[in-house]
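J.: For reference, the structure I am asking about is given below.
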């Protein structure tokens with residue numbers, strides 16, 4: 001049982017780290033298709049989505 005709690009604590013600590021390379025750009029959007037050309041212009045890759053009215057791009 002101690003091993004389970006140890007693994008659980010390690011998992012929680014690792015999940016708190018920001019390991020992703022996502023980039024928020026200051027572009028307003030109403031849907032994810034609006035972000036694709038803006039992400040292509042900003043980071044060179046058309047991979048992103050609209051979150052809370054702002055574009056989030058993934059390199």
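Cβ atoms here come from the backbone N, Cα and C positions, even for glycine.
The following feature annotations were taken from Swiss-Prot:
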type	residues	note
SIGNAL	1-22	signal peptide
DISULFID	29-50	disulfide bond
DISULFID	35-55	disulfide bond
DISULFID	39-57	disulfide bond
SITE	49	site 'Basic residue of the functional dyad'
SITE	58	site 'Aromatic residue of the functional dyad'
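So that I understand the layout, could you describe where these features sit and how close they are to other parts?
T.: For residue 50 (disulfide bond), applying a Cβ distance below 8 Å and a minimum sequence separation of six or more within one chain yields 29, 30, 31, 32, 34, 35, 56.
Classification of residue 55 (disulfide bond) by DSSP places it within a strand.
In the three-state DSSP classification, residue 39 (disulfide bond) falls within a helix. Within 10 Å of the C-beta of residue 39 (disulfide bond) we count 23 further C-beta atoms, all protein chains included.
For residue 49 (site 'Basic residue of the functional dyad'), other Cβ atoms within 10 Å of its Cβ number 16.
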J.: Using DSSP and collapsing to three states, where does residue 50 (disulfide bond) fall: helix, strand or coil?
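T.: It is in a strand.
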J.: Between residue 49 (site 'Basic residue of the functional dyad') and residue 58 (site 'Aromatic residue of the functional dyad'), how far is it from one CA atom to the other, in Å?
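T.: Residue 49 (site 'Basic residue of the functional dyad') and residue 58 (site 'Aromatic residue of the functional dyad') have their Cα atoms 9 Å apart.
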J.: Fewest other CB within 10 angstroms, which one of the disulfide-bonded residues 29, 57?
T.: 29
J.: Six or more residues out from either end of the signal peptide (1-22), which same-chain residues have a Cβ under 8 Å from its Cβ atoms?
T.: 56-59
